[in-house]
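Novice: Below are the features listed in Swiss-Prot for this protein:
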BINDING   Gly7, Ile8, Asp9, Thr10, Ala11, Gly12, Lys13, Ser14  ATP binding site
Amino acid sequence: MYVSIEGIDTAGKSTQLNILEKTFPNAIFTKEPGGTALGIKLRAMALGGEAKSSIAEMFLFLADRAEHIEEVIKPNKNSLVISDRSVVSGIAYANQFEIDKLIELNLIATSNILPTHIILLELTPEELKFRLSQKANDSIELRGIDYLINIQNRMKETIKKLNVNHIFIDASLKIEDIAKTIEDFLNVK
């Protein structure tokens, strides 16, 4: 089973991933971008602003995703693999491009391999504003609430278009309730 935890910054992905590591100690935990040796370099290039063009940046992330599928997902196809982000985030954050075109490119990069289960932690604009006010913000978070809510909406649209098993969870719920919902969704004891 290939599971992806998705959500905009401050949605609680890291918290839920920490809980999942305790709940499923034999699972393989990974992340996109940067889940492989090459991926770490590509991520640094993309996030470090080395690519001056948004198209070049997108292709760096596609290269990372292709490597991630080959190095992590395919060799562990009979295991539980839980990823912090996936193709969904890659498509959503490349918001200057059409979703359908990005899906085509990502299916090439992933050899048509998609997560079997996608969990999206959703925030309302009000909850996002509160969470952002409680921390120092990185460059993406500094783009503002409207930007992040737009990304979240693109995540939802992408998930629906990919037509994979998914669940949208209100990220303002209690941490324990979210964890229980995720565990039930994965239906793995």
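Glycine is no exception: its Cβ is also placed from the backbone N, Cα and C atoms.
Context for these features, please: burial, neighbours, distances.
Specialist: In the three-state DSSP scheme, Thr10 (ATP binding site) is classed as coil.
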Novice: Thr10, Ser14: which of these binding-site residues has the sparsest Cβ neighbourhood within 10 Å?
Specialist: Ser14
Novice: Tell me the Cβ neighbour count for Gly12 (ATP binding site), meaning other Cβ atoms within 10 Å of its Cβ, over all protein chains shown.
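Specialist: Cβ-Cβ neighbours of Gly12 (ATP binding site) within 10 Å number 20.
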